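According to TrEMBL:
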TRANSMEM  6-27  transmembrane segment
TRANSMEM  39-59  transmembrane segment
TRANSMEM  79-98  transmembrane segment
TRANSMEM  118-141  transmembrane segment
TRANSMEM  161-183  transmembrane segment
REGION    192-213  region 'Disordered'
COMPBIAS  204-213  compositional bias 'Polar residues'
Amino acid sequence: MANSGIQLLGFFLSLIGIVGLIIGTILPQWKMSAYIGDNIITAVAMYQGLWMSCAFQSTGQLQCKIYDSILQLDSSLQATRALMIVGIIVSIAGLGVACMGMKCTTCGGNDKLRKSRIAMTGGIILLVGGLCAIVACSWFAHNVIRAFYNPYTPVNTKFEFGAAIFIAWGGSLLDVLGGAMLASSCPRKKQVSKYPSMAGSRSGPPSSNKEYV
């Protein structure tokens with residue numbers, strides 16, 4: 001059986017990871033304008049996220065605009081959105097399942113074997129949710145890098161990584177790490193000895209029931 005301390009550590013790591021995924025998904029700083037070439041000195045900094053784009057002016061004013069139509073968005077951005085939402089929902093569901101199987105909870109009865117299997121199932125679900133988020137962040141980052149090094153992309157429209165994508169990356173990694181700890185709750189089968197017990201051999205010879213006359 002897995003140690004209850006490892007289960008608690010995995011639970012809290014996954015919980016922090018899910019919070020990081022939610023914050024990273026909401027924030028608009030998935031990519032920010034790159035200050036290269038003639039764009040080194042500018043009065044406006046552009047940010048783009050999964051749900052909105054923002055312009056931060058040198059005066060300290062921040063203006064954000066939510067994307068008007070989903071159909072007008074790039075297909076990669078739509079896929080990133082979908083994977084992040086799926087990753088968050090699956091991770092929350094996995095955290096709930098793992099909570100029922102932890103040793104420190106009373107859910108699921110007193111059957112330790114069944115509770116360990118429930119915790120293992122929750123850990124596997126958390127792994128799936130974390131992997132969905134990692135794929136979403138990596139795909140978005142790949143598109144940003146490809147557009148940055150594309151020679152046909154104008155200098156003033158090039159972007160680099162923002163803070164939100166690193167928060168989402170960190171949250172997904174914590175989610176995977178916590179899920180792996182909870183998945184280690186897989187119960188081990190008891191090993192049956194191939195050799196007979198030595199208790200019988202240590203006892204004395206069987207007494208004879210024969211009576212001599």
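Yeah, the Cβs are placed from backbone N, Cα and C, and that goes for glycine too.
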Non-local residues, at least 6 beyond the ends, that sit with Cβ under 8 Å of the transmembrane segment (6-27): 49-51, 84-85, 87-88, 91-92, 94-95, 98-99, 102-104, 119, 123, 126, 130, 133, 162-182, 184-185
Positions whose Cβ lies under 8 angstroms from the transmembrane segment (161-183), at least six residues beyond its ends: 6-7, 9-25, 27-32, 47, 49, 84, 87, 91, 94, 98, 119-120, 122-127, 129-131, 133-134, 136-137, 140-141, 144
